[in-house]
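According to Swiss-Prot, the protein has these features:
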BINDING   Asn141, Thr191, Lys195, Arg312, His344, Ser396  substrate binding site
ACT_SITE  Lys193  active site, proton acceptor
BINDING   Lys219, Asp221, Glu222  Mg(2+) binding site
MOD_RES   Lys219  N6-carboxylysine
ACT_SITE  His311  active site, proton acceptor
SITE      Lys351  site 'Transition state stabilizer'
Amino acid sequence: MNDFSKEAVKPADSATAAAKAEKRSRYAAGVMKYREMGYWQPDYTPKDTDVIALFRITPQPGVEPEEAAAAVAGESSTATWTVVWTDRLTACDMYRAKAFRVEPVPNPAEGEPQYFAFIAYELDLFEEGSVANLTASIIGNVFGFKPLKALRLEDMRIPVAYLKTFQGPPTGIVVERERLDKYGRPLLGATVKPKLGLSGKNYGRVVYEGLKGGLDFLKDDENINSQPFMHWRDRYLFAMEAVHRAQAETGEVKGHYLNVTAGTMEDMYERAEFAKELGSCIVMIDLVIGWTAITSMGRWARKNDMILHLHRAGHGTYTRQRNHGISFRVIAKWLRMAGVDHAHAGTAVGKLDGDPLSVQGYYNVLRESHNSVDLTRGIFFDQHWAGLRKVMPVASGGIHAGQMHQLLDLFGDDAILQFGGGTIGHPSGIQAGATANRVALETMVKARNEGRDIANEGSDLLEAAARHCTPLKQALDTWGDVTFNYTPTDSPDFAVTPSVA
């Protein structure tokens, strides 16, 4: 029965009618500009539950920056190249990504206009606990889009509601230090060199010498898996024999990162289980195994009380170029979500590319409970980590004892300093190389704790210590003047810093 007592419905005002007409026009058949389809919304206010991505866009000539930003939003969410009627079967206004802010990049290095585009994504667009699904949207298809000359994902804000669906690191910095009973200093490591070609027995000898000399860890390199010259099982047996012997002789907890990277997940699980049976406290994986495999190994490590080390093998193919690819600060966030305990994050002073402030930003993303906006270190968003455990950053690649003061000053205590060639290339042998690094580290930690200015006094402090430590003196004589002083290819847009090398 009709209720005529209710107030009659008033005709829509002109603004409402215009809005409805504009909305209907988005579904006219044919090709429309992305910003006309609703992917450019400058008045949009992001919600606390939105995933926000910051892209550096370089439009093709003639493409307006707002249209380029809208295209990125569209192609990384719900759009295709033409209007489709099935949009009307979805809550497309909610699911549509929204480019809400575009601003020019200050002083673009390439000399052509670049823009920062801020894009918000509804949380329902992503599967819970899946970095693979997150990346399939954010970087899955849009990087090959023709209207863009180049595209780079610079940073992301991950909402707490989404972070809570991830396990995060299986062990974390606090629990790892408890297991190792090592506090108040960075951990020391080294990569076995040469990375390929050693027999299992000689490999184990390198591990023993390094640990006996004072290192906390030795490690496999990224490409040592199971090759004809050394089957993985042989390497594990000899390496763990060395670990147990060094532990018994030094009274310290030691470890070796046994690389379980393999061609299938079944093989990786088999290797990890064998490492655990041998008494290892840690296993290692490579970034190239992919996000689903990383997450799976993180869950295995959590269930089995193992530390999980990640080598960022392959990252330079997409992180190094300033105008195209993905910043490593984003990779660092994804790694923390997927669940690793260690992650290589740069040295600033070694042989691998990395601006000092940018590298500090990567470290902060991995090991802080909350990241505040810090444009000088490339951090664009406040990021609350919702209780996810902290990842221990790893400095590795072309570093030596003569740089110990720089490394400690840059990165502090919660880091792992890995000296591969700087240990195994020592003129008096591996054990002497390890001792040189341990003495250099303890010298710097003691001086810092006494209030000394290690950044400026470090070289003199090392020289003084070397008068009482022949291995350190030999290390300084061999590598003291070795630097890799090149201009970084990627540095923060809001602060230009020289190399510290």
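In case you wondered, yes, glycine gets a Cβ from its N, Cα and C as well.
Cα-Cα distances to Lys219 (Mg(2+) binding site) place Thr191 within 10 Å, out of the binding-site residues Thr191, Arg312, His344.
Shown are the binding-site residues Lys195, Lys219, His344; the one with the most C-beta atoms within 10 angstroms of its own C-beta is Lys219. It is Lys193, among the recorded positions Lys193, His311, Arg312, whose Cβ has the fewest other Cβ atoms within 10 Å in the structure shown.
With a cut-off of 8 Å between CB atoms and residues at least 6 apart in sequence, the same chain places Thr191, Val192, Lys193, Lys195, Leu196, Asn259, His311, Gly420 near Asp221 (Mg(2+) binding site), listed in sequence order. Within the set of binding-site residues (Asn141, Thr191, Ser396), the lowest number of other Cβ atoms found within 10 Å of a Cβ is recorded at Asn141.
DSSP assigns His311 (active site, proton acceptor) to a strand. Rounded to the nearest whole angstrom, the C-alpha distance between Ser396 (substrate binding site) and Glu222 (Mg(2+) binding site) is 12. Same-chain residues at least 6 positions away in sequence with a Cβ under 8 Å from that of Glu222 (Mg(2+) binding site) are, in sequence order, Lys195, Asn259, Thr261, Asp286, His311, Ala313. Apart from the site residues Lys219, Asp221, Glu222, the chain places the Cβ of Thr191, Val192, Lys195, Asp220, Asn223, Ile224, Tyr257, Asn259, Met284, His311 no farther than 8 Å from the centroid of the site's Cβ atoms, the recorded Mg(2+) location.
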